[in-house]
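Student: Questions regarding the structure given below will be posed in turn.
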């Protein structure tokens, strides 16, 4: 059975998801202790905490501690919709596809992704690429990063005359910075603990890199701050903002925290700063969703068709060991009988007779076992087995 365990932006707020990664690891650990997990792939992003598992023998009473749980076809449908951008807060965003690719590769490196989940995740990536190629679901402003920029614009208006500080030069910070660059902004500052990475991104965007120990000075001058680091601790505490931003500027500064865990302490609001989080981007997501309804409907059709193909492929995969064993036995029989025939044909004046004997011998040996099983079924009055044999050999039932 394939199992998906998750919390995401649809069911939980940021604070709940901040603690979810530890709790989901405990759940998976408990399942592993029961010997129920054969394959696993975690998927952790700012908007979701998920595990995909191949499991056997999960007790019906097992407690999943409030997490959403889906099985088999429902779990597969969720993953394909996720890869297509249909489950994202910003519908159609591309970042999730890269995150799914990375999750698969990491699990393969760690040896936790086996052949079944590898097949499933490979299919998910293919479906995500197909949806984006055949629809316009990812056109325009679709990432969390660009949504954060849109939110800042809705408050400040045109940002061309504003100083924007991006904290974090990882994947999410890069998305934010590029969304800013698309608007041809000049005053972009990038701060990162690793200065070289900040410098690299700033050069790419025509902005300025900031040493992390000079972050307070950058805060003092910024009109918009968008923070997206991977830090487990607050980057901007109440005390830091109070020290860095003069009282007369606090009400005009906009801070958008799109990190998980949070980068900006909630009490910063008490200073008069306008602070927004991922939860506040839901409105932007809803507007985006309305614009993309037609594309989403087309994408849903693609996903459903691809799901049917995946389910068919998985069913084929289940019988491959049986088919391989049958073929192996047939091949062994062929080789044995061919060996006998070759020896005979070397000393025979009638090779046609040898070939005739070879083919008859092969048919007799194959038919012998089949006949035994069919006669046994007839003695047991097993009509279903007899019907299946008729169907298998394309015979009329008598």
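Yeah, the Cβs are placed from backbone N, Cα and C, and that goes for glycine too.
What Swiss-Prot shows for this protein is this:
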- 45, 46, 47, 48, 88, 93, 94, 95, 99: substrate binding site (BINDING)
- 46: active site, nucleophile (ACT_SITE)
- 78: site 'Important for activity' (SITE)
- 168, 169, 170, 171, 172, 173: NADP(+) binding site (BINDING)
Student: Tell me which of the recorded positions 45, 78, 88 ends up closest to residue 169 (NADP(+) binding site) in space, Cα to Cα.
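Tutor: Nearest in space to residue 169 (NADP(+) binding site), counting only the recorded positions, is 45.
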Student: Whole-number answer please: how many Å between the C-alpha atoms of the residue listed as 'active site, nucleophile' and residue 172 (NADP(+) binding site)?
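Tutor: Per the Cα atoms, the residue listed as 'active site, nucleophile' and residue 172 (NADP(+) binding site) stand 9 Å apart.
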Student: What does DSSP say about residue 45 (substrate binding site): helix, strand or coil?
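Tutor: For residue 45 (substrate binding site) - judged by DSSP and reduced to three states - the answer is strand.
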Student: Need one number for the substrate-binding residues 45, 46, 47, 48, 88, 93, 94, 95, 99: the maximum pairwise CA distance in Å, whole number please.
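Tutor: Those residues reach a largest Cα separation of 15 Å.
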Student: For residue 78 (site 'Important for activity'), what is the tally of other C-beta atoms lying within 10 angstroms of its C-beta?
Tutor: 20
Student: Would you mind ranking the binding-site residues 170, 173 by how many other Cβ atoms sit within 10 Å of each Cβ and giving me the lowest?
Tutor: 170
Student: Hey, how far is residue 88 (substrate binding site) from residue 172 (NADP(+) binding site), Cα to Cα, in Å?
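Tutor: With distance taken Cα to Cα, residue 172 (NADP(+) binding site) is 15 Å from residue 88 (substrate binding site).
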Student: Counting other Cβ atoms within 10 Å of each residue's Cβ, which of the binding-site residues 45, 88 comes out lowest?
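Tutor: Looking at the binding-site residues 45, 88, the Cβ with the fewest others within 10 Å is that of 45.
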